[in-house]
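Taken from TrEMBL as is:
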type	residues	note
COMPBIAS	1-10	compositional bias 'Basic and acidic residues'
REGION	1-80	region 'Disordered'
COMPBIAS	52-63	compositional bias 'Acidic residues'
ACT_SITE	HIS194	active site, nucleophile
BINDING	LYS196, LYS517	substrate binding site
ACT_SITE	HIS515	active site, proton donor/acceptor
SITE	SER550	site 'Interaction with DNA'
Amino acid sequence: MSMDSKDDARTTAPGLDTPQAGARVESSKKKDTESPSIEIPAPSPPAPRAGEEDEDEEDDDTDGASRSSESSADKRARLDTAVSTVRVRRTFPDGKVLRVDTMHATNPETPGIRLGGVLGPRDELAFAILSTFIVNAEWIHSFFDPETPVVLVTDPAMSGGDPEAWRPALKDVFPNWVRVCPPLTGGGGRGCMHMKYMLLFAKSGALRLVIGSANLIPQEWRHIENYVFIQDFPRATPGVETVKLRAGEKPTEAFPAVLVAALRATGVEEALASMIRQGVRSFPFFPLLLSFLLTGFSLPQHTALPLPTLVPSADTAKAGTALERGWDWSRVRVALVSSVPGKWEGWAGPRGVLRTGQTRLLRAVQALGCSVDDWGSESKGKDPWKAGEWDNLKSKGKGKENVEEYELELDYLTSSIGTYSVPWITVFRLCAGGRAQALRAYLDRGRGRIPAQGPTRVIYPTRETVRGTVLGEAGASSMSCRRAQWAKIAVLIADPTTGLQMRDAQSRSGGVGMHTKESEGESAVKIADAAGKPLRTPHAWFYVGSHNFSVSAWGALTGSGFNPVLNVVNYELGIVLRLERPEDVDAAVAWERPTRKYIEGDVPWLLPFDSAFALVLRMFKPNADALSQILQDSEFFK
């Protein structure tokens, strides 16, 4: 069983640069300058220093056809040496979704980046906060200068922590490195810390935020495809507002506020305090000896971190936290969606359901103007979450109960299959459509009469597709579907009223396995007012991040319309952006479109071995190609 599926086992772009079909013959350079939704091309970077290679010189300025002719050995050498050669820092002032450039991307159609390009020149980094479910600590440590302080957030069960601890557990893993494992508060030690994010603080004062699906292990940056969202933020200008709220968005829902909440939930505040408080710390002997040799026998002291705390200022003149005030967030065009374990109750308040999980997705869809509900002029100035306002808000369709009037087509690329039910799919679709009124009505009285659902396409590879990739079964160790889950899904698929479909997942980059988690909600019909004037402008919304399509990741919503209850067991993080045109969807997604529907005889990739073997397979680094051949030749898989 894959480690990313451990959540289900325990419980249960911007830069949309690539057109489809005939337009794919355009060069990669043109792709990187035609982002219709989010990136304003940055000035060309300075040339690399004499004798030094620009690590990203081929990322976006080389046609995919020339890259596909590169031998596996040549590409492996290029990827493995990237850490020591990167000297020019690419910038993404308006944000961009990028494919992690792997060794096996034979036909890359979306802009890519490698880990060295994400981190930038190591001598320019002042401080870093990294979060990952599973980590190869020695490997990721090699990308940083020994003197650079780093906070590393990991899953307790994967890092020797206590899954049932009630507070963050801290440990010094290297000189200048503090590891923190947040508590799993979903109940009984269930769930996992599954967020993948980076906050990279440059010595220049700039901040780079990275959110994606890749764990900090070599396999997921060299062999398996993932996607990341990257945006660079300059230091704030004194006297200038750092945050711009969208219509209807509350300060606690602003991008940096949601980010701060996610950081605090994962124990970053405790790690910062520990790093500052312990000017001279106790380290294991051998790492300490290595630090002495590298730093001239000096002990680390961190009293001037770029981000010293996440605690809000007591000064009323300085509202918010240092992270919110210290950097300019005004160019953010995406919404942040997090899942934090625990029981969330009520609509509003610090523990209200709108703060996390699938109901946070609902608010993100609304904030981006992508809700399939037409609120009309009657809703202006009213709070849809305030009791008593619901019945006063009228839809302009032919009736609130007419589901087809507000249809949503939902695609979800996942690397781990969850255990689904009709009620859960119904609620998730209401949240994904931004349908606040319908959600409350469903919780109050709709559970007994669920209407026929629109299409929900779960995109996950078949067994034959996995075997046809470059690495075969060895490249599928990060994917998971249990036989019992597949049996339940088959029953749901057989009932056409559920709208559930299974679609084969094939990467647009060729025969590479995918660990990517992406989703897009696309309006099936345009909504018009009484005069026939179209009311919708965005065509769809698009998600990328760490959330698999599972109850563990998004939570289970119960309770009533007056007092909803959301139970979440995983830590997850992702971003949502709006797509204006159908071609933007084609350019954004990681999978081949249109997807192929499962037919008779198709079965999803099912892990045939236990979790211990899956972990060994996933961590196998020396020769993945040889391991793949061994597995393919084995009678065990035939």
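Note that Cβ sites are derived from N, Cα and C of the backbone, with glycine treated the same way.
A distance of 11 Å separates the Cα atom of LYS517 (substrate binding site) from that of SER550 (site 'Interaction with DNA').
Each residue contributes its Cα atom, and for HIS194 (active site, nucleophile) and SER550 (site 'Interaction with DNA') those atoms are 13 Å apart.
Rounded to a whole number, the C-alpha distance linking HIS515 (active site, proton donor/acceptor) with SER550 (site 'Interaction with DNA') is 15 angstrom. Comparing SER550 (site 'Interaction with DNA') with LYS196 (substrate binding site), their Cα atoms are 17 Å apart once rounded. When other Cβ atoms within 10 Å of the Cβ of LYS196 (substrate binding site) are tallied across all protein chains shown, the result is 25.
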